[in-house]
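Below: one structure, written as structure tokens.
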Amino acid sequence: MSGSLAFVFGLPLAVVVFFFALAAYERRTGVAVGGGFFQRNGLAIGLYLVLAVGFWAFFIILLPQLAMVDMSFRPKLPPSQMGGPKDLYTLENYRYFLFGSTTSTAEWNWLHIKAFFLTIGVSIVITLINFAICYPLAFHMAQSATAARLRVLLLLLILPYWVNEILRAFAFRVLLSSGGIINQMLMGSGLTNEPIDFLGADVGLYMGLSYAYLLMMIFPLYNAIESLDKNQVEAARDLGAPWWHIHAFIVLPHAKPGIASGCTLVFMLTAGALAAPLVLGGPRTLWFTPIVYDRFYQAFNWPQGAAYAFILLVSCIIFVLVVLKAFRLSLGEITR
Amino acid sequence: MNPGPFQRVMFALYTVIFFLYLLGPLAVMAVSAFNTPQYPQVWPIEGVTLDWFAALFADQDMMTGLKMSLWIGLLVVCISVPIGLAGAIIMTQIQPRVRSLYYLVVVSPVLTPGIIIGISTVVFWRQFTGQTGTRFLYDGVVLTVLGQASFISAYCMLIILARLQRFDRSQEEAALDLGASYPQVFRHILLPFLKPALASAAVLAFLSSFENYNTTTFAILSDKTLTTVLAGRVRQGSTPAISALAVVIVAVTVIGAIAYEIYKRRSDAAAAARQRAALDAEEAELAGRTPAAAMG
């Protein structure tokens with residue numbers, strides 16, 4: 001156990017030493033000019049910068065992630081046996097995700113595998129739908145709306161997002177419940193005689209998820225399209241380009257970073273959403289995050305929960321990399 | 001830009017449907033907060049009541065959670081804004097060959113699902129506090145603040161960085177040439193320049209913290225914030241008191257937004273007036289000097 005403490009303090013120290021060595025090397029070889037870090041910032045401020053960023057990068061970001069990954073490869077043990085002879089690295093938690101408990105007769109752990117692929121698949125579909133819903137409005141706001149109108153539109157867009165995620169999901173429950181207004185309207189108009197069970201069929205969940213992160217799509221799109229010179233669109237129009245040519249060959253290529261950033265955000269938030277599945281999901285709903293949650297607080301199997309969380313994290317990283325590759329962008333371009 | 005009448009109608013229709021989708025659910029929920037039935041109901045309106053608001057404010061758990069959320073929000077602002085500022089300054093000074101790696105590390109929390117941040121924070125600090133004998137730090141509030149600070153600091157950094165990139169380094173050099181010390185340059189030149197960005201970072205940090213659920217629900221341990229109490233209530237069943245909470249939040253927001261808009265218009269007007277006065281003074285000076293120059 002003292003080994004891991006040495007790591008916790010050793011890693012940040014090693015990195016800081018590396019940075020100063022690199023700086024000294026660059027100054028000696030003439031790559032960098034000017035004074036050193038502490039000369040440039042003064043001692044007090046220099047210390048503040050190093051400590052604040054060091055604490056953030058290591059103790060808030062990196063070490064917790066590493067601790068989670070480390071735990072996911074360990075067996076579930078009572079606290080007294082942690083660090084003991086039984087505390088060996090194992091793939092048991094990942095095996096469980098694929099094949100289920102060793103006592104079960106089923107060949108694969110279908111429940112969890114299905115939930116995982118459903119979550120990823122539905123998240124991708126929701127991301128695409130949100131893009132389709134948001135694009136026309138983002139284009140209008142960025143290219144043809146007047147300043148006064150833009151102000152109103154922005155206010156209307158932001159308003160729902162001050163209400164937190166759980167309440168937004170709750171609104172959909174009120175709307176779609178069997179005695180809710182949608183069912184009342186459907187029955188009143190004679191379209192159905194029985195209330196439709198939107199929530200049981202997960203329609204409510206998917207709508208709530210799409211709704212929850214609409215803003216994360218529209219703002220990156222708006223920002224990207226806004227920087228496009230209006231004259232380019234005008235010129236294409238004057239030269240007789242049909243409207244879909246203008247979008248496909250001028251606006252979309254220009255807005256690429258915004259599209260990638262909106263898609264990554266929406267996908268990540270949807271796949272990692274916990275509030276909407278808890279509020280809108282039925283007892284038979286398959287969604288991956290509540291399963292992860294239950295590993296911790298129902299099964300009390302933390303290593304297994306950590307393994308499940310790591311699986312989710314890896315799929316999100318893969319998604320981001322695929323999007324970056326497909327759009328030929330760097331990470332810096334999409335997090336602007 | 002001359003879309004035909006058909007396109008115009010289609011676009012108007014689309015806009016109406018879009019905003020109906022965006023605002024409709026909230027409007028429906030708001031109506032149910034004033035209707036008398038026990039279950040949130042929109043139609044028929046059986047009677048108008050404010051009882052659900054009374055029930056909301058009488059809910060002790062909810063009020064304790066609210067206080068906790070406000071407290072955590074403040075702590076997160078106090079931690080994330082200084083970290084974000086330091087992160088942004090380091091970004092402009094770090095060696096170019098490691099800059100993209102640094103960027104990857106500090107921006108990664110923005111692209112990490114919230115529950116993973118919550119889980120990893122709890123796992124790490126449980127081990128760390130156990131090993132260093134600082135068990136008192138293994139506490140819901142501390143962990144929640146740390147977990148939220150991971151990605152909220154990144155938001156703050158991105159906001160501050162956007163403004164920092166427009167900072168004119170020659171201002172700093174001029175101050176140094178005139179004999180200012182480094183802390184003086186930082187306090188009297190850099191911070192005032194970054195003030196608007198720091199203010200918006202603080203507001204955004206507070207709001208993101210206040211409404212966070214995914215990270216908080218893991219990191220809060222046995223304590224409760226407004227969002228975790230709310231999640232529990234919603235899971236137990238639907239009551240119009242929950243709708244009432246949404247109405248209160250929207251009302252506070254709209255009032256805040258209007259107040260901000262008025263404040264901004266006033267300060268814009270004041271700035272415009274100052275500029276005009278300065279221009280007038282300059283013109284007057286020029287006008288006064290020209291004849292003098294002609295005479296000379």
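The first residue you see is number 1, and the count goes up from there.
Any Cβ shown, glycine's included, is placed from N, Cα and C.
Residues or ranges marked as transmembrane segment in TrEMBL: A:5-25 (among others). For the transmembrane segment (A:5-25), the list of distant contacts is 32, 36-37, 50, 54, 57-59, 62-63: same-chain residues at least six beyond its ends, Cβ to Cβ under 8 Å.
Here TrEMBL flags A:45-67 (among others) as transmembrane segment.
According to TrEMBL, the feature transmembrane segment maps to A:115-138 (among others). Beyond the ends of the transmembrane segment (A:115-138), by six or more residues, the same chain brings 97, 153, 206, 209-210, 213-214, 217-218, 221-222, 225, 259, 262-263, 266-267, 270-271, 286-289, 291, 311, 315, 319 to within a C-beta distance below 8 angstroms of the stretch.
As annotated by TrEMBL, domain 'ABC transmembrane type-1' applies to A:116-323.
The transmembrane segment feature in TrEMBL is assigned to A:144-163 (among others).
The transmembrane segment annotation in TrEMBL covers A:203-222 (among others). Residues 122-123, 126-127, 129-131, 133-135, 137-139, 141-142, 157-158, 160-161, 165, 168-169, 172-173, 176, 255, 257-259, 261-263, 265-266, 269-270, 273, 275-277, 279-281, 285, 287, 334 of the same chain lie 6 or more positions beyond the ends of the transmembrane segment (A:203-222) yet place their CB under 8 Å from a CB of it.
The transmembrane segment annotation in TrEMBL covers A:259-280 (among others). Long-range contacts of the transmembrane segment (A:259-280) within the same chain, counting only residues at least 6 positions beyond its ends with a Cβ under 8 Å from a Cβ of the stretch, are 119-120, 122-124, 126-127, 130-131, 134, 165-166, 169-170, 172-173, 199, 204-205, 208-209, 212-213, 216-221, 224, 252, 287-290, 293, 312, 315-316, 319-320, 323-324, 327, 329, 333-336.
The transmembrane segment annotation in TrEMBL covers A:306-327 (among others). Below 8 angstroms of C-beta separation, residues 68-69, 71-73, 93-94, 96-97, 112, 116, 120, 256-257, 259-260, 263-264, 267-268, 271-272, 288-289, 291-292, 295, 334 of the same chain, each at least six residues beyond the ends of the transmembrane segment (A:306-327), sit close to that stretch.
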Residues of the parent chain within Cβ reach of the transmembrane segment (A:45-67), under 8 Å, 6 or more residues beyond its termini: 8, 11-12, 15-16, 37-38
Tertiary contacts of the transmembrane segment (A:144-163) (same chain, 6+ residues out, Cβ under 8 Å): 137, 171, 215, 218
